[in-house]
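One structure is given here, and the rest of the page talks about it.
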Ligand code: 5GP
Ligand code: ZN
């Protein structure tokens, strides 16, 4: 528990939330902004800042619940035809609350007020550069 953390306060019911699921490890509640109707945050009860702070055990306990919650959201409304699941890590990646969370954003149409831009930089690196980039990552894998 971090005393200054808004999500820790929500987990402790010091701040109200519209909660759809809760167990020993996670709480799933509506994002206040409701980017699209049903926009939900899945939040570990343990205060961890971002994806880089998860160990395997915590990751298993948190992420394994995401499909079940996603299915429940989708089943709640026949107008939901897809879902974006996003997890922002660091200010540069649009993280504004420094208690890790997973966004589940139900999708309704092309103009439902959610969008992502994916640049195409296919041709920017040679095969050798790609291999060198991959090798550096491989050297840093744990376990
Ligand atoms: P981030 O930008 O860090 O990925 O997402 C943080 C999310 O937390 C935002 O989408 C924001 O709307 C949501 N949020 C911030 N404060 C509150 C709050 O007090 N209650 C709820 N339910 N959501 C919040
Ligand atoms: Zn917290």
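Every residue, even glycine, has its Cβ placed from backbone N, Cα and C.
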94-98, 99-103, 104-108 - the one TrEMBL records as motif 'Histidine triad motif':
99-103
When the motif 'Histidine triad motif' (99-103) is classified with DSSP, how many of its residues are helical, how many are strand and how many are coil?
0 helix, 2 strand, 3 coil
